[in-house]
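J.: One structure, pasted below without further comment.
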Amino acid sequence: MLQQILEKMYIDPELLEELSEDQKQVLFYKMRQEQVRRWKVHEEQQEAEARSQPKARKKVDFLLGRDGCEWVWVMGEHPLDRTIEQILEEETKATAVRLAEAEAEALRLKEEAEMLKKMEEEKQRRIKEHEEREAEMKRKQEEAALHQSIKEAQLAMERMEIQRRKFEEEERKRLLEIQEQEKKAKRKSREIANSVKEKRSSEIFSTLQRKREELEKQALEGQKEVETSWQEQEKKSKEADIQMRENARQARTEYKESLRRSFTLMQTTATPNGGQPGAVNKPPLPPKKHLMVTSAPGIASKKPRPLRPKNKEMIINWFQKEEKDKKATVNPDTGKIADWFHGIINRVDSERMLEEKENGCFLIRVSERVWGYTLTLKESNRCKHFLIDASDLGYQFFGADQTVHQSLVELVKYHRDNPVTISGQERLLYPCGQSVDPPDYNELFQERKTEPS
């Protein structure tokens, strides 16, 4: 199973959830080793391809200064360069002048429009008066012509002509006065606009300066907040890195310790005379490969099965075909099923069974996630779960090159005195028996009439 995970570099989230923290760290350590191995192979291939291909000639030329070095311009160092404060102040002034000119121009156009409207109304009024006066004079002339003699009519016409010329002169003077007033009004409007422009320019400049200062203050405060938040995140990240390194260190220690224990056990098993002093001069035998599981070369010809069981029926079929005859769960002293063995029960049920038990109490159940078993162990205020990989070579905890045991009974006996992990120092002290009748493993040992296709 480990080899399949390393080949795909992927583990199902549900399966990962079943692993203990130590097993997760060991698995990550193994996956990292595989990543490094693949990276080295890829780098070697890239180097070989690079050596076989001619290098393309690419060159970048930099502009050189009078001294022959790369030409560099650092803003603010030249005597004629303006500081950023000066640049911002000039831009603010230009913006203020532009806004003030726009406001003054709008005000001037408004005042001129009102003034022109008044002038036009005055002109229309005078034209209307002139037309009425002309009509009145014409009417009087016609009346005089009817009642007066020719001489009197001529005198009346002359008087009316003089009067008309007088009115025209007065009208011309009034028009000149209106034009002069219009010029004065325009001049005054421009003066007011210029005055308003200067005043508004100063006001707008002050407002923009104040806003810029406020923005700079807010930016500074925001920068301090960001800096503080970044420092907190950096602190948390460092703490997480330290914890991750510590977990990785513990995983490496666990891995090396498991190798050491396995090697010691194999030496003891392989040394003649049970390791007596008389055999000191003989070199130790090399470790037997079948005692350490990093791969399963002996079962390469076996038909591969899925990485994990798909349903309960597949688990029962697997147990009856491959595990039942091994008698890995049978106590050799009594010939009966071991007290700590349970059937296909889930994580929650196993924790509920150990809830009121003392520390060190344990059970081994058939796993729902893998082709193997799960050890559930009671510790202070919680339960730990360890996956046990079952193969043709034996039984071992998932994730590291741990000692392979011929049966689950041997595994339990071994870890009664030896900890499951170096960091946790977990020992299997008190078995948790059955609380139901018939036992929850009953369906695993019942004879089946038909097998699933």
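From the backbone N, Cα and C atoms, a Cβ is placed for every residue, glycine too.
Residues or ranges marked as region 'Disordered' in TrEMBL: 181-203, 219-307. Per TrEMBL, the feature compositional bias 'Basic and acidic residues' maps to 219-260. Taken from TrEMBL, the feature compositional bias 'Polar residues' applies to 264-274. What TrEMBL lists as domain 'SH2' is 340-432.
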J.: On the DSSP side of things, how many residues of the region 'Disordered' (181-203) fall into helix, strand and coil, could you say?
T.: 23 helix, 0 strand, 0 coil
J.: Would you kindly list the residues that approach the region 'Disordered' (181-203) from elsewhere in its chain, counting only those six or more residues past its ends and only Cβ-Cβ distances under 8 Å?
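T.: Sequence-remote neighbours of the region 'Disordered' (181-203) are 93, 96-97, 99-101, 103-105, 107-108, 111-112, 115-116, 119.
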J.: What are the helix, strand and coil residue counts for the compositional bias 'Basic and acidic residues' (219-260) according to DSSP?
T.: 42 helix, 0 strand, 0 coil
J.: For the domain 'SH2' (340-432), how many residues does DSSP put in helix, in strand and in coil?
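T.: When I sort the residues of the domain 'SH2' (340-432) into the three classes, I find 17 helix, 34 strand, 42 coil.
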J.: I'm checking region-level scores; what's the whole-number mean pLDDT for the domain 'SH2' (340-432)?
T.: 85
